[in-house]
Amino acid sequence: MGFRKKNKSPPVLSHEFVIQNHADMVSCLAMIILLGLMFEVTAKFAIMFITVQYNVTQVLDEKSEPVNLYQYGPKDVATVFFYLLIAVILHALIQEYILDKMNRRLHLSKTKHSKFNESGQLAVFYLFSFVWGCSILTAEEFAKNPTFLWEGYPHTHMVFQVKFFYICQIAYWLHALPELYFQKVRKEDIPRQLYYICLYVVHITGAYVLNLHRLGLVLLVPHYLVELLFHASRLFYFSDENKQKGFTLWALLFVIARLLTLTLSVLTFGFGLPRTENQGFSLAQGNFNVLTIRMTCLAAICLTQAWMMWKFINFQLKKWREHSQNQASKKKTPATSTTVSPKSKPHKREAGRGAAVNGVVKAEDKTSPRARKAKAS
């Protein structure tokens, strides 16, 4: 009985070692932070990483109970860092227990394998964020009063769900940067992923810091729905290339989401905020309602939407060209199949051996020796 050969483990702290064991190392770091809650000396530092900071108790009316609201501050960096570690751990769990098992069954190529992993991770995140964002908007009753996007600005106070939502969003998109290294993303795909990761980080952080979290939340929810549909359609396409109906619905909703984003942005920065009472710039009060910041934010959103539409149009043109080429190749194949092959043509010998009259084939005039003697006599 022979011994099984063991795979050689990579050297400690080498690139391959870090990539293979990054989830274990990150989970150990998160456990150290959690263990800090057990000791009085370290508890106040551990709480800064785990719980949401800057809570403010506010009494709206004399009869109503006090409400806990939250602001943002520099301690949020520690909270974002902790939930960044949680995002890395969850990313590894989804990859190992769901996506890797599906990849083994599908037997995809390297290119499709990388895109399948990307779409699988993003589809889970978009679904979770979309459901969470819808629950927050339902509580805020945005559909009944759209003017709440700019009324009462600056919106320095947030409920717990809104602040925790933004903390998790920033943490997730920051965790996507080291995941490019951990997941061994191909060099060709790194610039494309870096573009949209940086755009998410800049826009979400900007809405959080500039006290525009209401507008940011309203714009994120439909955008996440469109992206969820795209990545879900791509997952179905990789499992079966005939399943492409989801891309048609995605294309329609993509254009609607871009128009909705531009409309709400123009209403907020062009008409809503300029008419509010609190005008001016004040870091202490969290007021950024000045023309320069408003126009900068509006320009950033418009340029981002224009870039996304440009990428969308190029994607649709590429898909249309591939479809037209496939249709042209299908039209050529029947024409070539109707042509008669040289093997099917009758041979000269077969044509000269006789002709068929009333279904009877006449043989060549080859008489027997006895018949030739009768003719000679």
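Cβ atoms here come from the backbone N, Cα and C positions, even for glycine.
As the structure is a computational prediction, the values presented were derived from the model and not from experiment.
Features reported for this protein in TrEMBL:
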type	residues	note
COMPBIAS	334-343	compositional bias 'Low complexity'
DOMAIN	114-323	domain 'TLC'
REGION	324-377	region 'Disordered'
TRANSMEM	29-52	transmembrane segment
TRANSMEM	80-99	transmembrane segment
TRANSMEM	120-139	transmembrane segment
TRANSMEM	159-182	transmembrane segment
TRANSMEM	194-211	transmembrane segment
TRANSMEM	217-237	transmembrane segment
TRANSMEM	249-271	transmembrane segment
TRANSMEM	291-310	transmembrane segment
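Touching of the transmembrane segment (159-182) and the transmembrane segment (80-99) is concluded from the presence of at least three CB pairs under 8 A, sequence neighbours closer than 6 excluded. Taking every listed stretch (29-52, 80-99, 120-139, 291-310) in turn, the largest tally of C-beta pairs under 8 A with the transmembrane segment (217-237) is reached by 120-139. Here the transmembrane segment (291-310) has Cβ contacts under 8 Å with residues 199, 202-203, 206, 210, 212, 258, 261-262, 265-266, 269-270, 273-274, 281 of the same chain, all six or more residues outside its ends. If one looks beyond the transmembrane segment (29-52) by at least 6 residues along the same chain, the residues whose Cβ comes under 8 Å of a Cβ in the stretch are 70, 75, 78-79, 81-82, 85-86, 89, 160, 163-164, 167. Mean pLDDT of the predicted structure over the domain 'TLC' (114-323): 92.
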